Every structure is written in structure tokens, then in C-alpha cells.
Amino acid sequence: MTGDKGPQRLSGSSYGSISSPTSPTSPGPQQAPPRETYLSEKIPIPDTKPGTFSLRKLWAFTGPGFLMSIAFLDPGNIESDLQAGAVAGFKLLWVLLWATVLGLLCQRLAARLGVVTGKDLGEVCHLYYPKVPRTVLWLTIELAIVGSDMQEVIGTAIAFNLLSAGRIPLWGGVLITIVDTFFFLFLDNYGLRKLEAFFGLLITIMALTFGYEYVVARPEQGALLRGLFLPSCPGCGHPELLQAVGIVGAIIMPHNIYLHSALVKSREIDRARRADIREANMYFLIEATIALSVSFIINLFVMAVFGQAFYQKTNQAAFNICANSSLHDYAKIFPMNNATVAVDIYQGGVILGCLFGPAALYIWAIGLLAAGQSSTMTGTYAGQFVMEGFLRLRWSRFARVLLTRSCAILPTVLVAVFRDLRDLSGLNDLLNVLQSLLLPFAVLPILTFTSMPTLMQEFANGLLNKVVTSSIMVLVCAINLYFVVSYLPSLPHPAYFGLAALLAAAYLGLSTYLVWTCCLAHGATFLAHSSHHHFLYGLLEEDQKGETSG
């Protein structure tokens, strides 16, 4: 770890906390220049009267939370929203609300870790976890990033197809995403604030486009408010339950926790002053709350629109609506039967156009395009931070995005060429499940490290935080178990059960290890092993020196 000063000793112990020039307990001189990322620009924080709230200071801290909130608005979330609306109407709006609150709590921990330690979650994982579990953990997060990027590619390809009235085939839209990704790489050359402003513009486009759909759909406000504030689901069965757990899995993204812990490092914070750290934590929490409130409203727009337009609609009804509209050529995408319509982000845009005119279709596609493009860039940042943090490996932006986008495009373009649109949308649903399955590999580490007094000092999680975040972890594990139990019977061949068993064993092995180290961080001394005492007492001084020399 570059520039580390020897750790402060705990009473009678040979262990100490991470201590660097940016640590709250070690304001000593810097030994070597810090490791930089391509977001190395630091935004200065204006001086204001101590103990008072300042809009100027809030504005200076504004940015990381809105970049983080984009993961709550990616094409995977949009598809989850519209499917929940089509399947359950307004009955699952309260699930969306509380999933967003749970997401805010996780992001709060991520921001706090970055502010207090001056290091992102990937860097802290590199310091504390041994090589083998650290490498496996890194691979799982990379898998989550590639999965998220695939969703962005799918959403963008469908948006181009809708905007071109089908002239750009799906595989063509997938290939276009290669070009537009590298175009966005040049944006950060114009400064961090301009980059953050551009992301703000994309969020505004989503708010306006999906807000327009909400206005023209005119959902019933009384039913909407009941669905939002009454935690119940009358008459619901297995499909509604599956959508409910899908909402939680789509909202809380594993790579986003790693991303947020790194983005907060872009602000100049004097970590030698506890008051400045406390103030930064407060302003970042306010900003994240505002950003996720905006993302919640946008998600609500989508779920409410499709709860109004699609709920309990049959394929025959959708066919008739389109056949009698100016978009009658699209009617053929709906089978002529009385089965409940299975909606996706493509069919969603079509039915909006059939119901409310072609403008609604094109505006939907623009919003979908904004969702895909904004998520593309945040995924690139997350990949860069994760690779640098876990591996101490610096790649150029071009090389990093080429790796991620290649891994995302190859399977996506194969599905787009050799299968149909329904398979592409089905792949999107499967990727939402993947994100949920990988979520413990972000939540467990952030809960572990933010609960360590040796690392976080007075900013470690209190009892209430530990109870709430542990409850989130239990909820996530229950959701994953439900997904697995629901999915296993659909495996096409008995041979797949063997592969599933191997993957499950590896998954449980890593999860068990992370739970064990989390228990150590919470003070379970009876579980301690000599090679893992640092989860209880902090890092050995020679460990930190080794990082410095490395």
C-alpha cells in the first residue's frame, strides 16, 4: 500500500489499523506518491462555518452519488420494473420502495469506507484477504461487471432497433455499442465535473422520457398510493413472488458497492480531522439519498406505466390494440392467444406506441438508450477500480473497456444473430438473477470492513447498523436460495445437475469464508485463526511495509 506509515498499536497488541496519509489516525508525512486512477482529479471542498449546513458544500460533494445511482436505472432494472408492473400491477411498488432503501443503506457503507480509510473496497480486500479467496472474489465481481455490461448492450441494441423502426437489426445494435463506448471514454478528458454533469444529463433524459410515459398512461393514483405504502399483495402467487425477489436482485448491484467506495475519493477531504470526515459522511449520505430518490421515482414511473397498460392483458388484447393502431406492423410480435402477455423492454416500447401513439415508442427508446449509455460508463469505472484495487494492476482505459465489452458482446451478438428477440430478453432476465446471486460477494466484505474498529475507528458500524445490514444479508441469501430452488427443476438435462452442484459447492465455499471473516470482524474471537487475526486486531506492521515496498 503506497505511502503507508506504521500502524498505531492497539493496547498490548502487535496489530494496528490501516494507516496511510489519508487515515484519520495518521496525518504523518507522505512516503511516496499515492496510487492514482484515471479519476485522479480532486474536487476542492469550500470552507464554511463549522457546524452549519451549506448548499455550496453539498454542491461540491454532489456527483459520486448520482454516478452510483445510474446502476439503479440500467436496462436490467427497467425490464424488472415493467415486468413487475405487467405481472402484479401496482401491488409490488412497496417492494421497489424498500429495495431502494436497502440499496441506500449498502451504498452508505461503501461511501463511509472510502471516506474514512481513503481506500476503496477493492483495495481493502487486497490488504485483508489471502491470495486465493481474494482472487476468487475478484473473479466473481468481474463476472458481475460483465453481466451488467451485457444488460447495457442488450438495452442499447433494442433502443437502436426501436428508433430505426427495425432497420438496424439487433446484432447491428450490439456492434454499434463497440463504437459508442470508446466515444464516451474521451469525456473524462474534459474534467471530472463536466463528466458528472453529463451523467446528470442522461438521468434527466430518463426522468423526462419515462415521466412522459407516466403522464400519457395516467395510472390510477389511488391504487398506486396503496401499492406504494401498504406492504401487501392480495391475490398474489408464485409469479408475483418471483417478480418481488427479482426487484431486489435488480436494484442492489454488487459492482456498484465497489464503485461508490472509489468515487468518493474524488473529493479533497482532510482525513487527519475527524470533523471533516464526519462532515463528508453526512454530505455524501444526503447526496446519495437525493440521487436514489430520483432513481426511485424513475423506476416508479416505469412500473406504474406498465401496471396500468399491461396488467392482466392477454396476447390477443395486445395484438388487437396494435392491429388497430398506426403501428399495425408490430402486431405480429404478439401471439394470437389468450395467455397473459409476457412483456419485455422491446414489447414494452411497442405496446406504448400502439396505445399512445408513435411518439411514446420513440420517447421510450430514447430513455432506454440513455439508460444503456450511462450504465456503460459507470460499468467501465467499476471495472477499472476493481482491477486496480484487487490486483494492483493498472490498465489503460482503452484496454479495460475492450476487455469488458468484448466479454459482453461475444455472447450477446451470438444470441442476437442465431436466436430471436425473446431469447435476448430472456438473457436479460437471467443476468438479473446472476446479479442477485453475486450480491453477497459485495455486501459481506463491506459489512466486514465497516464493522472493524481497528480499521474504521469511531466510524465503525454501531449495533443498529450491524443489525440492519446483517438483515439485508439474510434477505439476499433467502432470495438467492429461492431463485436456485425455483430454477433447478427447469434444467434441461440431468447432466446439468452435476455442473450446478460444482458451482454451488464453490459458491458456498466462498460465501462461508466471507461469513467467517465477517464474524471475526464483529468480535467472534473464538473463531480466530492465527493467519486471520488482522480481522480482529488490524494489520501487522510488516504487512503494511510489504504493501509499501510492493
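Placement of Cβ uses the backbone N, Cα and C atoms for every residue, glycine included.
Computed from a predicted structure; not experimentally measured.
Annotation comment: Swiss-Prot describes 11-23 as compositional bias 'Low complexity'. The N-linked glycosylation site feature in Swiss-Prot is assigned to N324, N338; the stated evidence is sequence analysis. Per Swiss-Prot, the feature region 'Disordered' maps to 1-45. Under the heading topological domain 'Cytoplasmic', Swiss-Prot lists 1-58, 106-142, 188-196, 260-287, 370-400, 451-466, 517-550. Residues or ranges marked as topological domain 'Extracellular' by Swiss-Prot on the basis of sequence analysis: 77-85, 164-167, 218-240, 308-349, 419-429, 489-496. The transmembrane segment annotation in Swiss-Prot covers 59-76, 86-105, 143-163, 168-187, 197-217, 241-259, 288-307, 350-369, 401-418, 430-450, 467-488, 497-516.
When Cβ distances are compared across the two stretches, the transmembrane segment (497-516) makes contact with the transmembrane segment (430-450), since 3 or more pairs at least 6 residues apart fall below 8 angstroms.
In three-state terms derived from DSSP, N324 (N-linked glycosylation site) belongs to neither a helical nor a strand segment and is classed as coil. Other Cβ atoms within 10 Å of the Cβ of N338 (N-linked glycosylation site) number 9 in total over all chains. According to its DSSP assignment, N338 (N-linked glycosylation site) is coil. Neighbour density for N324 (N-linked glycosylation site): within 10 A of its CB lie 11 other CB atoms from the protein chains shown. Remark: the transmembrane segment (430-450) contacts the transmembrane segment (241-259), by the rule of 3 or more CB pairs under 8 A. Taking CA atoms as the reference points, N338 (N-linked glycosylation site) and N324 (N-linked glycosylation site) are 18 Å apart. Beyond the topological domain 'Cytoplasmic' (260-287), the same-chain residues lying 6 or more positions past its ends with a Cβ under 8 Å from any Cβ of the stretch are 22-24, 26-27, 37, 39, 41-45, 50, 57-58, 60-68, 107-108, 110-116, 118-122, 192, 381, 385, 389, 446, 458-459. If one looks beyond the transmembrane segment (241-259) by at least 6 residues along the same chain, the residues whose Cβ comes under 8 Å of a Cβ in the stretch are 67-68, 71-72, 74, 76-77, 79-81, 83-84, 87-88, 92, 95-96, 99-100, 102-103, 106-107, 109-110, 120-122, 140-141, 144-145, 148, 233, 299, 378-379, 381-383, 385-386, 389, 429, 432-433, 435-436, 438-439, 441-443, 446, 475-476, 479, 482-483, 486. Within the chain carrying the topological domain 'Extracellular' (77-85), a Cβ under 8 angstroms from the stretch's Cβ atoms is held by residues 92, 95-96, 155, 243-244, 246-247, 249-251, 299, 302-308, 310-311, 343-345, 348, 368, 371, 425, 428-429, 432, all 6 or more beyond its ends. Tertiary proximity for the topological domain 'Extracellular' (308-349) is limited to same-chain residues at least six positions away from its ends with a CB under 8 Å from its CB atoms, namely 75, 78-79, 82-83, 85-89, 155, 158, 161-162, 217-220, 355, 357-358, 361, 364-365, 368, 421-422, 425, 428. Here the topological domain 'Cytoplasmic' (370-400) returns a mean pLDDT of 81 for the predicted model. Broken down with DSSP, the topological domain 'Cytoplasmic' (188-196) shows 8 helix, 0 strand, 1 coil. Across the topological domain 'Cytoplasmic' (370-400), DSSP assigns 26 helix, 0 strand, 5 coil. Long-range contacts of the topological domain 'Cytoplasmic' (370-400) within the same chain: residues 35, 37-39, 67-68, 70-71, 73-75, 77-78, 119-126, 134-135, 137-138, 141-142, 145, 148-149, 151-153, 155-156, 159, 177, 180-182, 184-185, 187, 199, 202-203, 205-206, 209, 255-256, 258-259, 262-263, 550, each at least 6 residues beyond the stretch ends and with a Cβ under 8 Å from a Cβ of the stretch.
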